[in-house]
Amino acid sequence: MGSPKLPVLLLPHPLILLPTARVTLPISRSLADAILSLLDDSDAVLAAIPLPAPDSPSEVTYGTAARIARLVRPRNQSSPTQPYLLSLHGIQRIRFPTPTQIDQSETLPVHNIVYPSSEGIPSRDTVEAFKHAALVLLDRLAKDSPQPQRKDDWVRVSAIVEDISEQRAAWMADVLVAAVSSQYPDKLAFLAATDVEDRLRCATELFIKQSSIQEVSKKIASAVDESLSRQQKEYFLRQQLAAIQRELQSLQSSPASVGTGFGTGGSTSELDDDDQADADDLADLRRKIEALDVGSEERKVGIREWRRLKRIPQGSVENGVIRSYLEWLTSVPWPSNKTTTPLDVLKDRSFLTRARAQLDADHYGLDQIKRRLMEYLAVVRLRAIADAAQTQAQGNTPSTDTSPGATPTPPTKSKGVKGPILLFVGPPGTGKTSLGQSIAKALGRPFQRISLGGVRDEAEIRGHRRTYVASGPGSIVQALRKAGRNDPVILLDEVDKVGHSNFHGDPAAALLEVLDPEQNHSFNDHYINVPIDLSQVLFICTSNTLDTISAPLLDRCEVVELSGYTYDEKMHIAKRFLLPKQICANGLSDSQLTLTDDALLHVATMYTREAGVRSLERAIGAVVRFKAVEWAEWLDKGNGAVGGEGNANENAIAKQNANEKQDGNASENGVGKEWRATVEPHELEKILGIPRWDGEERDREEKRGVVYGLVVTGMGEGGILPVESTALPGTGRLKLTGSLGDVIKESGEIALSWVKTHAFELGITAGRGVDPLKVPDVIDVHLHLPAGAQKKDGPSAGIAMICAFVSLLSGACVPKDIAMTGEITLRGRVTPVGGIRMKVLGAHRAQIRKVILPWANRKDVEHDVALEVRREMQFFFVRTIDEALEAAFGRGALGWRKETVLLESRL
């Protein structure tokens, strides 16, 4: 018996007819006539086949045998556009024996079909899973249904599902899938599931998926409704608030006052929230965006964010975020702002002279730094003049291409001179920070200071990204905004104290881009997110030490060392800067107080011992305040005029100065009948107390086993250090004390080894190979470096240790006015050390007249030590330990034994 045949009706995409479902679709007149003839000839059953998607294969396999339930003619049969309505009721699944391509031009073609077997009972687990998924979906549909009748229908269907039998579960799956709105691929896969077990599994997956979709859709809809209601409520309240404020302002500005205590009497405050002020701010913001260079990156970003700002409601949080960003973006000094130094200022012939005079007026000495800055200023001036001449030449030269379509050549844009990256290294109080201010004043540029001490977050430098709450730009952009120019002087203070790498990032690594002249022309701040040109900025870094600065960061800087001041320099600084500053700060005049040079030198030598001048300024301030109290008490006793009678004060001072010449003895308390405007050295102990430094290093003694070395303290101050050695009964060992580090201990061991090796040549032992610590007596050598509470380390004490050992074992003494420094080797070489300038200055303060230094440090003395210091001291530059011993003990002081070479004749 052949397979049955049915006429095929293609359902338009994405329509699918499932068994037990009903569908109504419009059809053409020709198709309606064919169906009418089919109703007369047969049982009115046809195969409803879903039409494949346009981008899928055109062959079809599965469909549904459908009974024609209804065919409705149009009301106006003469109208060709009004279609017929066909209602079909699904009966059973069908499939083609093979995938078949249906001819869409043919009307109701007849094809062979196969009715798949629908017998079989699904497993109990499959039915239970199907019921659970179906009940969850029906419960969700019932809750989300806005119509009560629809909700009752879903509840009744849920009751039917709970009581359905296993034999009817497949039929219920067809009913529910047809009733639930799902996607086309899911329904097509369900139609192709001919097996009962597969059909229930497919329906279960479809119900679970649909339940998730319904739940997410409900959440989104509720969130949108809540947001809309909140925005509408906020907008309504803001409108009411604006109306109330306008009414209050109209009442306050009315001429008739309600009464005393009501209103403000018509006065307005700049803190009042005014719509016009807000509109003016927005207009100003727009003008700044339009003023940016056309085609520049900052202008593109500004326009894009401005358009976003206009689309967002004014009361929303995002509106404030975008507005803050635009304010920062437009406040950064971009190259289009033209905020560099004017050309006429640079062309002035007195430009360099005024800059040099400004530097000399603010700081004494520092010739190396001043020379480097003058080089930079000279290059800036010459470059600006050359660029101006080139621009003028381009404007006067006619174009050689006169064709109509020729494009004019744009003028060459000057890139300017890249600012140097200077790193001032020196002890505290040596003028590093104030020097940066003086440089900015000499250049005529704004000055900004950024303190990096304790900075641990990379965002402090680069800024926070806009995705974070309360984000903002970094300190570099903030400094540029405050300066208002793209070529300020920015001081990065305490760069050696910046935090190291942690979970916040590495701030020191973020500084690499800022301080790199090859990269900072496109510095990227995370908040602004637009490249910023920092090449015109003059960066000045300050540091107390180079040890904690990373090598890549140090490589990007020009290191300029600021070592301690000499006493001569401190005297000049005190007389020119510190004393006038303290006199003015304490309400006195120059004629009312005078410190003699001896008094200033006594303060600098006995009360302050530092590389800088901060302690010196505090001591001078204490002296000035003491004299201010005396002056005020003297005036209170009626000895002078108070207030604006300055002439009487000057006359009184002149009279007292004359009395001082006649009788210099004042009262013990300083408050008596006579006023002394001059401060002498013998008065300082009464004012400042007992001197902190009593000059014990000057009371040196020439003793066996004691020599003096040169050291640099942790604060960068140079000085002398006694190296003491003594012999005591023992076992031939070396004992080292004085809080010594590993390096300086090794220097002591090297020194003793060299002395043992050359003991015979030095006349310490009577024969070669004899240990001087064991012959004639067994002794121990104890080497001590006071003071014991101070940590000491470094290789520069090698020469001093050798001289101490030689003095101890030979009995010769080193003169007390000789100090030395240098590293030694076992071969007897003297190698260079650091800190020569500080050590020499420390020796000069201690009245050392002869200094022994390594030969390789000769250039450091000639380059760094002042000429007046070199004239007062005698320097011995040695290459070997033999030369160092001869310079320390004197020629012929040690009984050197010359080596005698014996030759045997074999004639």
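Placed from the backbone N, Cα and C atoms, the Cβ positions cover glycine too.
Database features (TrEMBL):
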ACT_SITE  Ser796  active site
ACT_SITE  Lys839  active site
BINDING   Gly426, Pro427, Pro428, Gly429, Thr430, Gly431, Lys432, Thr433  ATP binding site
DOMAIN    6-211  domain 'Lon N-terminal'
REGION    254-276  region 'Disordered'
REGION    391-419  region 'Disordered'
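For the recorded ATP site, residues Gly426, Pro427, Pro428, Gly429, Thr430, Gly431, Lys432, Thr433 set the reference point as the centre of their Cβ atoms, and the other residues of that chain within 8 Å of it by Cβ are Phe424, Thr542, Asn544, Leu562, Ala611, Gly612. When Cβ neighbours within 10 Å are tallied across all protein chains shown, the highest count among the recorded positions Thr433, Ser796 belongs to Ser796. Contacts of Lys432 (ATP binding site) defined by a Cβ separation under 8 A and a same-chain sequence distance of 6+ are given as Phe424, Gly426, Thr542, Leu562, in order along the sequence. The domain 'Lon N-terminal' (6-211) scores a mean pLDDT of 79 in the predicted structure.
The Cα atom of Lys839 (active site) lies nearest to that of Pro427, taking the binding-site residues Pro427, Pro428, Gly429, Gly431, Thr433 as the candidates. In this view, Pro427 (ATP binding site) is surrounded by 23 other Cβ atoms within 10 Å of its Cβ, with every protein chain counted.
A straight line from the CA of Pro428 (ATP binding site) to the CA of Ser796 (active site) spans 24 Å. There are 20 other CB atoms within 10 A of the CB of Gly429 (ATP binding site), with all protein chains counted. Its own atom aside, the Cβ of Gly431 (ATP binding site) has 25 Cβ atoms within 10 angstroms in the protein chains shown.
Gly429 (ATP binding site) and Ser796 (active site) have their C-alpha atoms 26 Å apart, to the nearest angstrom. A straight line from the CA of Thr430 (ATP binding site) to the CA of Ser796 (active site) spans 25 Å.
Separating the Cα atoms of Thr433 (ATP binding site) and Ser796 (active site) is a whole-number distance of 31 Å. In this view, Pro428 (ATP binding site) is surrounded by 15 other Cβ atoms within 10 Å of its Cβ, with every protein chain counted.
Rounded to a whole value, the Cα-Cα separation of Ser796 (active site) and Pro427 (ATP binding site) is 20 Å.
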